[in-house]
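Peer 1: TrEMBL lists 1-24 with the feature signal peptide. Look at TrEMBL and you will find Cys254-Cys271 tagged as disulfide bond. The domain 'Protein kinase' annotation in TrEMBL covers 416-697. According to TrEMBL, the feature ATP binding site maps to Lys445.
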Amino acid sequence: MTSSRDDTKVVLVAWFLLMISAMSQTIHSSCQNKCGSVNIPYPFGTAEDCYLNSNFYVACNTSHNPPKPFLWNVTKSIEILEVSLNGHLRIKSPVAYVCYDEKGVLVDSGNSSMTLQAFPFSYTQNKFIGIGCDTLSSINATIGKNYSAGGCFSLCSSVESSANGSWFGVGFCQTSIPKNILAYQARVLSLNLMHRDMNIPCSYSLLVEEDSFKFSTDDFIKLQKRKTAPTVLDWAVGNQTCQEAKKNLTSFACQENSKCIDSDNGPGYLCRCLEGYVGNAYLHGGCQDIDECANLSLNDCSDLCINLPGSYNCSCPKSKGYQGDGRKGGSGCVSNLQHVVNQIVIGTGIGLMLLLIGSGWLYHVFRKRKRVRLTTRYFKQNGGLMLQQQISNMEGSSERAKIFTARELKKATENFHESRIIGRGGYGTVYRGILPDDHVVAIKKSKLVDHSQTEQFINEVVVLSQINHRNVVKLLGCCLETEMPLLVYEFVNNGTLFDHIHNKNTTLPWEARLRIAAETAGVLAYLHSAASIPIIHRDFKSTNILLDDKYTAKVSDFGTSRLVPRDKCQLTTLVQGTLGYLDPEYFQSSQLTEKSDVYSFGVVLAELLTGRRALSFDMPEEERNLALYFLSAVKDDCLFEIVEDCVSEGNSEQVKEVANIAQWCLRLRGEERPTMKEVAMELDSLRMMTTTTTTWINATSNSTEYVIGERSGLSLTETTDYANCHYTCNTCAGHEDETICNDVMSPIWDGR
């Protein structure tokens, strides 16, 4: 156990040291890697923190044009010609020479000597050379603490006899140098053994890079002018071997994907990228993988080449039925007969699949075209062209119905998902929708439609969309691309007046009830007299009065409403409405007037006063019909015995006046009823009597979302005797509260 922990510690320490080493070999981005035309790669550098140590400092002299680099840590500056990461440094070294006139008198001379501190002269790439026709060239070298000497001798009688160095010793001579030379001094001596040829006035001694020098007779003159020659130094890192240097990872210069090589010319070591990598082995991340597959000359693959870190691999396309090692020098790639069979099977399968895909695509195209044709047909059938014409004629109006596409409303309701349903009625389903601008709307999907009334429907949509009253649920537009038109309304989310009156967990005080009565009366007055075309609601009831977050009343569900031409005061129509709210006179005569809405409003007032439902089949027979029961109680002066507790706590005078208004509205003959304008004025006057404002919200149940006639319609067969007002309810199914049957008789256009 102890040994395992020690091993872990060693690994962690090694990793930490490697990270430190890597960080130390990461040069700053501001370091220059060039001086003039000469590349200066790390570990060399021209500025602080840009080189490994002082031995690798290069002085970039910008006084030259272009700038020139110089090796600085020597007795005198030495110009650098090239820096190689292979461990070589090309420099300029001086040439030793002596020049005589035709009489043998010395006219010019120069010595060649150089002393280095770190990098020895390359014994493999340099040669010591003597040039001249009576020349003795010598070199004295310092090797550590020892000295060594060498030289050579050359003779010739003329320039022609030297024959461009074809014969060694004639015109020039050369000798190799030993390892580890850090300093040398070259000398040249002319022996004057023969007559001086003025075409060869000088003799030379130089330590020069062998590959860059090939003797020719031109050198007799060129060297006199040039006086320098390229020489190679061998550089290395530190003075330790690889084995010794690896013991201290913080100072070890070799980075990842590299190897260490001991120097064979003096102390120290070199770093080289591993095979398959290229770059600077002294920098963190400097050795980059070579993509042998990108260069055909770097791989011998006959088919597929897969690049690997530091290497590559060859393979055959087995999917095409080939096998082998995939190498040009190996077995290559050989075809497999079984593959042919497999290809036929696969080809057939692909063909069938493409056939299926093509068939599916064609089916999709035909279905889409059919859907487009159907959408166009529905749009025309539902009066879309007529509505577009109407809208175009309303350019000056800011309140215009918007025509929504079926796609827009499908997206808004998640394709009419059940989770978006917020109400179901006898004539349709209401969905909560979210438009692209995050505007929440209510979308009513109708169940029935009468195409014979298309023009009337379009006219009513246009008119209703222009109703701009704060207490009316706004009709925003419609969609006519579906079989049944979709209507888009303003979204109101705090339930209906019916819920707040009859929900035992909610208390609606008198002040709020009076305000709601005044607001809704104002709406009906507006519809009857102030709208551009008079509108009779025809189904006014507490479930069609919505409340917003501030409990402001919003009249909704104009699905059975009718527009009244200004030259008519009544319309003969199929009787429609909700039992309990339905005007008895309208029921008997089928003559629809504004006074039919007045009667329905009277029932709602009675509802607000008593907290009772319009029809209550669980009550005694004389109390089932609220209108009759209310009129009877008022007549018998028993009003405060039937009003709700929260109403009786209000202003008694106001309560009496509202009861009188309700009694006035509930008169059997329509001509004896007031107009809604008169009712609205009376209720507004009563509201002015209120001198205090009461905070009245006391609800323990969650807010419910209702909009535009969501409560279920009921199929009723009624037998009505308006003398006794008896109602018979044959069916009361599907309603959330079976104590009441709200029957909204089938309208001409459902759900507007």
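Yeah, the Cβs are placed from backbone N, Cα and C, and that goes for glycine too.
Unlike curated entries, TrEMBL annotations are predicted automatically.
Give me the local environment of each listed feature.
Peer 2: The Cβ of Cys271 (disulfide bond) has 26 other Cβ atoms within 10 Å, all protein chains considered.
This prediction places the mean pLDDT of the domain 'Protein kinase' (416-697) at 86.
In the three-state DSSP scheme, Lys445 (ATP binding site) falls into the strand class.
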Peer 1: Give me the CA-CA distance between Cys254 (disulfide bond) and Lys445 (ATP binding site), in Å, as a whole number.
Peer 2: 77
Peer 1: Quick one: pull the CA-CA distance for Cys271 (disulfide bond) versus Lys445 (ATP binding site), whole Å only.
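Peer 2: For Cys271 (disulfide bond) versus Lys445 (ATP binding site), the Cα atoms are 80 Å apart.
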